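Chemist: Here it is, the structure, as structure tokens.
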Protein chains: 2
Amino acid sequence: MSVKIALLGFGTVASGVPFLLKESSEKIQQAAKSEIEIVKVLVRDEDEKKALLAKGHHHAFVTDIDDIINDSEIAIVVELMGRIEPAKTFITRALESGKHVVTANKDLLAVYGSELFEIANKNNVALYYEAAVAGGIPILRTLANSFTSDKITRILGVLNGTSNFMMTKMVEEGWSYEAALAKAQELGYAESDPTNDVDGVDAAYKAVILSQFAFGMTIDFEDVIHKGIRDITPADVSLAQDLGYVIKLVASIEETSSGLAAEVSPTFLPKDHPLAVVTGVMNAVFVESIGVGESMFYGPGAGQKPTAASVVADIIRITRRLHDKTVGKSFNEYSRPAQLAKAEDIKSAYYFSIQTPDQPDQILRLMEIFEAEKIFLKQVLQRQSGKDAVRVVIVTRTLNKTQLKNVTEQLEAVNDFKVNNILRVLGE
Amino acid sequence: MSVKIALLGFGTVASGVPFLLKESSEKIQQAAKSEIEIVKVLVRDEDEKKALLAKGHHHAFVTDIDDIINDSEIAIVVELMGRIEPAKTFITRALESGKHVVTANKDLLAVYGSELFEIANKNNVALYYEAAVAGGIPILRTLANSFTSDKITRILGVLNGTSNFMMTKMVEEGWSYEAALAKAQELGYAESDPTNDVDGVDAAYKAVILSQFAFGMTIDFEDVIHKGIRDITPADVSLAQDLGYVIKLVASIEETSSGLAAEVSPTFLPKDHPLAVVTGVMNAVFVESIGVGESMFYGPGAGQKPTAASVVADIIRITRRLHDKTVGKSFNEYSRPAQLAKAEDIKSAYYFSIQTPDQPDQILRLMEIFEAEKIFLKQVLQRQSGKDAVRVVIVTRTLNKTQLKNVTEQLEAVNDFKVNNILRVLGE
């Protein structure tokens, strides 16, 4: 007996699905206890269908979603179109007609996840999405199945391959942001509008999903502070290196005494931190917990085969559960009331880069501002920066978001001071 | 309703189990759908029982295994005594009396696993052992649940914390093997007889278990070539660094065209390989596969809480399956006939360190020996080594085990040559 599936979309990732179903067929059949058969593939229009057939793809391509929804033989619908619509409508209709759904659509899940989970639960069908976070890294299933015994205190993630590729070029080769972006676009890693990648939007979507699995809390996308890598200069990168750090776009989700704090921002990582060696388009999720302590899950965050591997693992899981007659339980069962952290409980060290006129009293005034907020400093470094100006770089000890807000306002209130950058520093 | 469990042994790891059951109780209950209650703990004798009670441990300690086997209320037996006997007898009796078993006993599983799996299957009970490989890293469940869609081609693992701690000291601080061992013993990482750790025996046990999950093949412990770190000298370590490598004790399991090749040996890792930054007592498993490509799973390989986290995750899994009425399926369901690789299909680059008299014709003779075996060289380095002698260091291109055997015999046949060390080199 075979389990029949339909694919929605036949782009890069989707075409990796038949590849793996064929290459790993023996292993898959052992795990799934059934054969898995792609019986229909939804494409945009007749032109795409013709083009794919001409390329030698021998699937039953259809252009009307009803051909899939009304086909009672199809048990699993695999959505790989991306974006919000029509994916949301198609997934909703599939779930409502009793079909299980596998998707890699993080944008959709981060914003409309709760709504879709409810529809899945009501119809007693599965909605799995391992590929939505960190592509080929099986992090969601690991959090759901293996960290059941543990209490996670913080998650740190390098979750966006494009920005990590760019930061790697900026750190290892001294490239500017603009040069790194141009290269990422040339290689097809970044789109012509790179906003989602470079401004931390994509990583923030993933942080929303990780929060559910790691902390049982569903937070809104708007609750994830996000700041991208656009303002990182070669000077910041080189100062970071002098101080013993590398800069990466890091998502952090932390449970404080008052609740959850989630943030995506360029972050100073100590050079010997396991995340510091995650280079190029690779992703990693670093987990801090009371049981295991420190663990890290590393792998490709995107790409045809890695993403398809996660998608097919979800398909196998559902097929196996159909065989065991246990299908329908949520992908993530950990759930607690969501609570956001108070500003004074969100703590970190910070790097400040400030331009001042080259006069000794300027430094004194700067120090007084930090002193007034009771912020202790770990490293201070002053360098000539152009004519009659100096750049003062400060790495603080731990401070909280209220102190950060106050000191930033104070610094910006002084006309002579130009705040170049303020970035999080881990490990202080 | 609660699920009742018994612990066999109450050493370091075992005492971490009640800690996690308490600290993560809310989360555990959501995942397990039941409370989990430790109702009996087997200890060696009355003296140990008295000592534990005096220390404030309030468990129902028993000294007779029959008190647990004959207690029909106990659903899960957790074996944390270690070694082969009496653990093997106790586990066998527990399985035969219809109890599910969780264990961290890699020695036992590597040698008698097949026998125990059969008893578990016959009695339709679970036998789980996530903690047996790489302690706190949930690698076995990840291989069993997430790599179902993928075809693994090679596994590389830093699987022994003690030897990795020692190698880290030898690489980063230039310590000798003896100094590193003394420190490991002082810190309690190494036993007074360190054989299992430093000779690769422990890592080879883990390689046997990993082979089952990653390749579906059950190989014998004797089929894993193992060589330890005793013969690594500061000269080897410093030469490796000059050549761009770090030396670590690495387990590799690879599927070649003729079958599986498993080996534990000190290995040259390129400095930028993700495994190269796994330092101290940390472990990591690096997976190469046709779908995901390269992924790595990093974390503590031992220790009370990390190991207990894996043990409790297994307990939760069984409890959940009892609730879902799906208990009894094997931890690993992937199974193919085992086939061992032929010597000519096992390929790697190698490092040769050879002592010769300080005469030019010696080097020529050396080169002729490699030439005769059609072995191509990548790097050759000659250094003065004491009076009238030189050390010649060679990093080869890829060769197979037959070539390795032949060239080694030829080198050893020359009286003037002293082979200091031959080590695997990855990434060439």
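Keep in mind that glycine also has a Cβ here, set from the backbone N, Cα and C atoms.
Quick paste of what TrEMBL says about this protein:
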- A:LYS106: NADPH binding site (BINDING)
- A:GLU191: L-homoserine binding site (BINDING)
- A:LYS206: active site, proton donor (ACT_SITE)
- A:351-425: domain 'ACT' (DOMAIN)
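Quick one: where do these features end up spatially?
Modeler: Residues near A:LYS106 (NADPH binding site) in space but far in sequence (CB under 8 A, at least 6 apart, same chain), listed by position: A:TYR129, A:ALA132, A:VAL133, A:ASP202, A:TYR205, A:LYS206, A:ILE209.
Taking the Cβ of A:GLU191 (L-homoserine binding site) as reference, residues of its chain lying under 8 Å away and at least six apart in sequence are, in sequence order, A:GLN185, A:ASP197. When secondary structure is read from DSSP and collapsed to three states, A:GLU191 (L-homoserine binding site) falls in the coil class.
According to DSSP, A:LYS206 (active site, proton donor) is assigned to a helical segment. Take the CB of A:LYS206 (active site, proton donor) and look out to 10 A: across all protein chains shown you find 26 other CB atoms.
Confidence annotation: the domain 'ACT' (A:351-425) carries a mean pLDDT of 92 in the model.
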Chemist: Counting each residue once, how many in the domain 'ACT' (A:351-425) are helix, strand and coil under DSSP?
Modeler: 26 helix, 33 strand, 16 coil
